[in-house]
Amino acid sequence: MRLLYMQKLTRLRRLQQHSRLFFSEAQTEFEADQCIITLIKQCQTLRSLKTVHASILVSHRHQDLFFVTNLISQYASLGSVSSAFSLFSAVSHFSDLFLWNVMIRAFVDNRHFDRSLHLYAQMRRSGVEPDNFTFPFVFKACANLRDVEFGVRVHKDVVDLGYQSDVFVGNSLIAMYGKCGRVEVSRRVFDEMPERNVVTWSSMTGAYAQNGCYEEGLLLFKRMLGERFKPNRVVILNAMACVRRESEADDICRVVVDNGLDLDQSLQNAAMVMYSRCGRMDMARKFFDGILNKDLVSWTSMIEAYAQADLPLEAFELFRQMILRRILPDHVTFLSLIRACSSLASFHQARMVHGIIVRGCYDNQLTLDTAVVDLYVKCGSLVYARKAFDRMHGKNVISWSTMISGYGMHGHGREALSLFDQMKLSTKPDHITFVSVLSACSHAGLIDEGWECFNSMLRDFGVTPRSEHYACMVDMLGRAGKLREAQHFIERIPIRPDTGVWGALLGACRIHSNVELGEMAAKSLFDLDAENPGRYVILSNIYASSGKRAEADRIRALMKRKGVRKVAGHTIIEIKNKVYTFVAGGDRSQPQADLIYSELTKLMDRIRREGYTPDLNFALHDVEEETKEKMLSVHSEKLAIVFGLMNSGPGSVIRIKKNLRVCGDCHTATKFISKVTDREIIVRDAHRFHHFKEGICSCGDYW
């Protein structure tokens, strides 16, 4: 340590000596200026830079813009924005545009985006006109702040000052509007540009990718190739982000090879994610295995691919291999691992991952800490989620919204509203927060509170309702049985209702067996998305519960004709740190299978004596009544619960996860099971959490 200190001290003294020599021995003023600039650029620490700065002050040249702008740039590159701005503020040459540009760039490079916009506004008030070097940095700040209103005002300056034809300004405009969700304006700017370079095409394909306009992005990429532009790495990465089909992925890979970029590791990493998104995990793994010198991004990309593909066990195994190879994870790796753990719904694994994060000192990063809160929520432990939330420093709107959403998912509507009130004391809610609050009100049946929250969005917080907010309101009214009110609400929505809105109404019609509105909602859904099997199944169940068996059979026949297959139900449970998966319909693949079915039969007899009656509407309709009852008894959640009862201690909590919405019969049966076994059973289905205890569910049969 002492040796290192002495080395630094020696370097500093040498720099001081050089500084004095340059000032005293330079033959001409030009040589002296060049020497000083060289010294400034060689400074790697604030201390050394301040030494050179002091020499400039002594020489009375501190008002020379040539030195000032270089000093500002170097201070900014070393992260000392305050020193850079102090120097800027002390200069009297406020009419010099170059000086303003340097300071605006310093703010942007150090992610002080709001300050860069304030400085731009101050510059305009001072009567200084921006140029084509100013605008790209200002638009970058607007993009990162998602401040499209400020961006529009600066765009007007671009037009008024005649810079709309500048390719660099145009590129930054495209990127800004794309990041702010105004992709149609990005395209208009693109189409009006008289000159384009490869960055122009890259910016536009990136805007399409960011806004989910994948087909448009790929069409533009093909057009670029047709116009003989040679693609670079960035534009190919943007095109890869737009790929959703295997054939498209193959086409992109051919472009990569044809342009000699097949050894580019960033493209290899992106190819893994691209093929995994297309359902080709074998190809994704092939790319991963083919990378000779895998870096952290390679490992993290493959872990994320497994997590996205709902292959959590493979993600954990790859993480284990990564650690064995002494590759240190970063917060992005942990975010991918948390995603995998959330999919697994394993409380034990959640504790393990959180422990690794804390021991490795990766906590106290807001994004990661928020993900940990969400992880505990999805693994069924609000207690641990709230502990993690309370330990967070500097909570932002996402942190608050995550915890509020967690309370809502678990049916704790009052707690969600209480936390929302706390949040408003320090943090302004956004559109995501209101989705969380409205969803919590819906799941808890808090109609009046839900209306008050919805009405306050625009009135009190300036948040314009979006489609997802309208869907929450329809869901809330529908669950409460106010189906006509929900219908009238949909008719008054100022935007075209999407699948979320109609899906909420259809789900409510299933709960309340309303055939007329169910048919209307289903028709609208089929027009918007004819491939989703869940909508057909719900409509079929509505018909069946209303005694319209012929109509139910017609819907199932329609599914067969269209090739729409129902998603197979499965349930997972963790016992002694090992995860087991059960599927419906007589799964005999698990250990203890014979004993499971024997215990299941005994348990079903036991709850029947307590008053349980199977709801045969949740079985296939073209079989005998006795067969229906047997089919219901072997639903995957019942098998998993019995397995959990057999392999856990008395009084312990049973935690299971179902990939679909839990059916009404299993919901009723689980209430009885929790009562006769004196166990708490936590079920996470595709929509929410159910906490069964002493014959009662936390959802109040309101799900």
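Glycine is no exception: its Cβ is also placed from the backbone N, Cα and C atoms.
Annotation source TrEMBL lists domain 'DYW' at 611-703. Feature annotation from TrEMBL assigns repeat 'PPR' to 96-130, 166-196, 197-231, 295-329, 396-426, 430-465.
Sequence-distant neighbours of the repeat 'PPR' (166-196) (same chain, 6+ residues past either end, Cβ-Cβ under 8 Å): 132, 135-136, 139-140, 142-144, 146-148, 151, 155, 158, 203-204, 206-208, 210-211, 213. Residues 65, 68-69, 72-73, 75-77, 79, 81, 84-85, 88, 137-138, 140-142, 144-145, 147, 150, 154, 157, 161 of the same chain lie 6+ residues outside the repeat 'PPR' (96-130) yet bring a C-beta within less than 8 angstroms of a C-beta in it. Remote same-chain residues near the repeat 'PPR' (197-231) are listed as 167, 170-172, 174-175, 177-179, 181, 183, 186-187, 190, 238-239, 241-244, 248, 255, 259 (criterion: CB distance under 8 Å, separation of at least six residues from the stretch ends).
Here the repeat 'PPR' (396-426) has Cβ contacts under 8 Å with residues 366, 369-370, 373-374, 376-377, 382, 385-386, 389, 432-433, 435-437, 439-446, 449, 453, 688-691, 698-700 of the same chain, all six or more residues outside its ends. In the repeat 'PPR' (197-231), helix, strand and coil residues by DSSP number 26 helix, 0 strand, 9 coil.
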